[in-house]
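Enquirer: Mind having a look at this structure? Questions to follow.
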Amino acid sequence: MTANEPKSPLTALLVAQFFGAFNDNAWKMMVALLTIRAATAGLTTADPAFESASQAQTTLAYVVFTLPLALFSLPAGMLADLWSKRTLIVWLKALEIGLMGLGTYALATDAPRLLPLIVLGLMGMQSAFFSPAKYGIIPELLPPERLAWGNARLEMWTFLAIILGTGAGGLLLDLSGPTPALAGGLLTLFALIGWIASWYVPPVPPARAEGGFVATIRSSWQAIGADRVLYLAVLGSIYFWFTASLLGQDILVYTKALTRDWANSDTWSGLPLAFYGIGVGLGSLWAGRLSRHLVEYGLIPLGALGIAFFSLLFSLWGPTYGYTLLLMVLLGLASGLVVVPLNAIVQWRAPADRRGGIIALTNVFVFFGIMAGSLGAGGLAWLGLSTRAILTLSSLFTVGGTVWAVWLLPDFLIRLIFVILTHTFYRLTIVGEENVPREGGALLVPNHVSFIDSFLIMASTHRQVRFIVDSIYYYNFWLHPLMRWMNAIPVSATGGLRVILKALRQAGDCLDQGDLVCIFAEGQMTRIGHLLPFRRGLERIIKGRTAPIIPIYLDRLWGSFYSRAGGAFFSKLPERYPYPITIQFGAPLPSDTPTVRLRQIVQELGTAAWEHRKPDSFPLHHEAIRSLRTRPWRCAFADANRWMTKAGVLAGAVALARRLRHEWEGQRHVGICLPPSIAGALVNLAATLLGKVTVNLNFTTGLAGLESAAQQAGLQTVVTSREFLDKAKVALPSGLRPVFLEEVGKDIGPFEKLYCLAIGLLAPLPLLEWLCYADRRVGPDDPATIIFSSGSTGTPKGVVLTHYNILSNIEGVGQALPVGHRDRLLGVLPFFHSFGFMSLWFSLKCGMGIVFHPNPLDAARIGELVEQHAITFLIATPTFLQLYMRRCAPGQFGSLRLVFTGAEKLTERLATAFEEKFGIRPIEGYGATECAPAITVSTLDIREAGIYQVGSRRGFVGHPVPGVSVRTVDPETGEPIPVGQPGMLLVKGPNVMAGYLGRPDLTAKVMRDGWYVTGDIAIIDEDGFVKITDRLSRFSKIGGEMVPHGKVEEALMEAAGATTQVFAVTGIPDEKKGEALAVLTTLPLERIPPLLDKLAAQGLPNLFIPKKERFVQVPAIPVLGTGKVDLRTVRQIALEAFAAPAAAKS
């Protein structure tokens, strides 16, 4: 939930309180038992007079102790405010030593029964003065957010003392036998220990310097009457202690009758109350845990109903002694849920300068309630009611009181709903709740993901929140009572401007009154998984006011039962139970914060919230195995020749892991050189299962590239296939020992396959790893893979990606893209490509099938595979899409419902041409290997009745992946760039790499205060869509002006009417202007002059128009194995073509 609690300043107070409460209850029990023993001498338990006499003597003892509590509480409250509470505590603990000494004298001299009763009354007086001091000092020692925590521990230790004291009273009498003074001496020793502890209570100043007795009473009474919540809390305290007194006395008499004929009867009769104290202590701890750092008054009706239920059960059942003890624990548990929040409310709502007086006045009422309960038990017994009948009446009174309190303050019921919801179905992690003001108005602005967002926000703060709610929900027949209890503010988007302005004015008035107002600035629940654009209505609410804006991000709700993931509410089962949710509060913002800036801050809060997912995350292979065990009969992997079920994939991966462990022994990084295929996927899964870090080698870079990667990664072996090496004509570095799959798999027999299938499906994951002889257990921050960058603009670098880097990216993309286990993905991107590697784990995590093909350029075969396997999801680069357009028939892509492209820019002409041919428009994403790889992602638009949410925008690469934040800055100064202006794109999120392999210097260059510097120039619009204009490295500085290569390419492509990549622009040195544009083209050079004339006629700046003599005709634009344009080769060809001197200078 939060960081570990700091060392408590309450320790000394808890020790002093513990021994004081122990002595109070032990002495009270001893006096009660002594008087009962004397009054019932000669009577039997069957005698009706026995129960009546017992009730009378117990009542006497309770009244003698309680009456001084009531009489002296008010002056005690005045002293607690005028004196230092710590000083008062020390003096009162000293008085306790004297009183226990006097009690010991009374027991030693066999004094008349009057002297023990006098000591008991003086103990009540001492407790009256001690109570406001001990409760009043807690808010002075602890911050408000720890009040529930402090009260929970105080109540736990108090009731533990009550347990031991109540139980010890009878036990001490039995053990001391004819010399009861021994018991009194022990209590005196305990009083001395408590006095010593009191000196270690931290000193505090007096709450106020002046004020008389009458003024204290008057001001305390006025403060209680002015605050309805405080008033009801005081009433609740009175009622609770009235019931506790009545029940305690009644059950003591009940158990005395049960144990009258037992040996050591006094000991046995006191034990049920001790067990009640155990229950209260446990209930107090539970209440503190449920309250977290809030004053959770929703626990009060829950505890009250528990008291009523167990009291009624007691009365109807009439349990034996053993079951009486059990019921007393349960009664105490319910009582703890009541007493902790009641005390915390009184301390929290009471003004600091009158807190001691208010607590004292409350104590007066409480003590009269205790007395009334004790007298009530005695009176009802005098009227002839049995103990069980009294219990029945008590339970009915408790139910009535609870219903009455809920009727007066519906917040109690709403909070009860929150308590049940957030501690059964959900597990809340609340971060930054201290940013919500303790008092005064504030505007809360969260994202809107699910139907229960309002409830979760209310559950995360102890203050009442007024929500701006669509009138459709406000006036709904079933929801309207709840909305009225919540004091929601209705607004109608279709009611006209006047209706909207009225609601906004009402919200502003609430801020002026000091209320918390919450508005979902998106205006509707997200159906696309992304943060929607913020509407400007909130600016009208806050304009001209000083109230702060509190940004909030609700995380992990997408995919929950109440979200619109999958298209509808209530159509999904939760993935986990309890379902974890993070609520991240941001720092207060000034009231003039622009809406666009506010949206960006909420998005960055989302990035912070995603970090709290990490402790609950699992390694990639754990997620994959869990998914494979679900519907194991479904197809998981396929290619042109075969297909495998999920169960088969599990068995194959486990079998390979067990065989390859010998080959990989002692190696942390393992090389894999295989195309996108079933074999390649199984080896990657097997390596991860063994805790290895995979290095999928880029076999298209040639021998030099393979040697560089192997050397940087420290590889010793590489898993590959003879057939693949022969077909692809790949030469492996001499320093690598090849491990051929043909040899590894040939000895795996049917029995071993069955064994691997069994443990793959049934073995717990830790056991499965052990059976596969995994080197080590990996965590979310451990490296999962090393991917070498494509080298399109420089030397390849090893990018280290952790399990959580990849998993968070998978979860983010999965939140945005509407895909699931019924989809099938075409896997043509190689595993050494970051998108290809992520696609493998994405399909495994989502449960969808993946159909592999080793050659993404084999368009004809790919068209057949899409048709044959009814593939629904295609991920490819624009270069590959151009090939498919030329060679695939429209009907072959008829099953596709999502075409996603990345790695290079998707031109408008290509997107339109693809849509015209296949009837489906590609949507674009953007990423980098360093970001695992997705940074932004487009998705499908959502159109429903009254709903239109835009998932993609032409020319843009989508919104940031959920959990990822982006911003643009000036490339030179690093200053933020206004919305809509181009700047250097920075990325922050859980997907950002751990670093470059062995190159901390390069890592430091691209990381800026936790933000990854992409090197790309981008524009972010008001709705959060991102547009990539070009890489900073793809600019030429000509005559002092920055000329983007990508824009020149687009202009040339449009002028030529080309839908495929026929131009590649680069920069070469120029003696006059520093740099000049050079262009590689597949078009005949005679077509170039007319194209340049067309560019000039369109108004393109002269600097953006290449010279006709700077064009070079090539057979094909150089492309990397990943499908991206090979920019290094493009520049080399241009340099070689135009000037050897220029090449030498470079």
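Placed from the backbone N, Cα and C atoms, the Cβ positions cover glycine too.
Predicted automatically and left uncurated, TrEMBL annotations should be read as such.
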Enquirer: Of the ranges 154-173, 414-433, 634-653, 834-853, which one does TrEMBL flag as transmembrane segment?
Expert: 154-173
Enquirer: Which stretch, out of 14-32, 299-317, is listed as transmembrane segment by TrEMBL?
Expert: 299-317
Enquirer: Name the range, of those listed as 229-248, 299-317, 323-346, that has the largest tally of Cβ pairs under 8 Å with the transmembrane segment (358-383).
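Expert: Top-ranked stretch among 229-248, 299-317, 323-346: 229-248.
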Enquirer: Grab the same-chain neighbours of the transmembrane segment (323-346) for me: Cβ-Cβ under 8 Å, and only residues 6 or more beyond its ends, written as numbers and ranges.
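Expert: Same-chain residues near the transmembrane segment (323-346) but 6 or more away: 135, 147-148, 151-152, 154-156, 159, 229-230, 233-234, 236-237, 240, 244, 247, 251, 254-255, 258, 271-273, 275-288, 290-291, 295-297, 299-300, 302-307, 309-311, 313-314, 317, 358-359, 362.
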Enquirer: Using a Cβ cut-off under 8 Å, which residues of the same chain at least 6 positions beyond either end of the transmembrane segment (229-248) come close to it?
Expert: 62, 66, 223, 273, 276, 297, 300, 304, 307, 311, 331, 335, 338-339, 342-343, 345-346, 349-350, 358, 361-362, 365-374, 376-377, 390-391, 394, 397-398, 401, 405, 408-409, 411
Enquirer: Kindly state the mean pLDDT of the domain 'Major facilitator superfamily (MFS) profile' (9-413) in the predicted structure.
Expert: 75
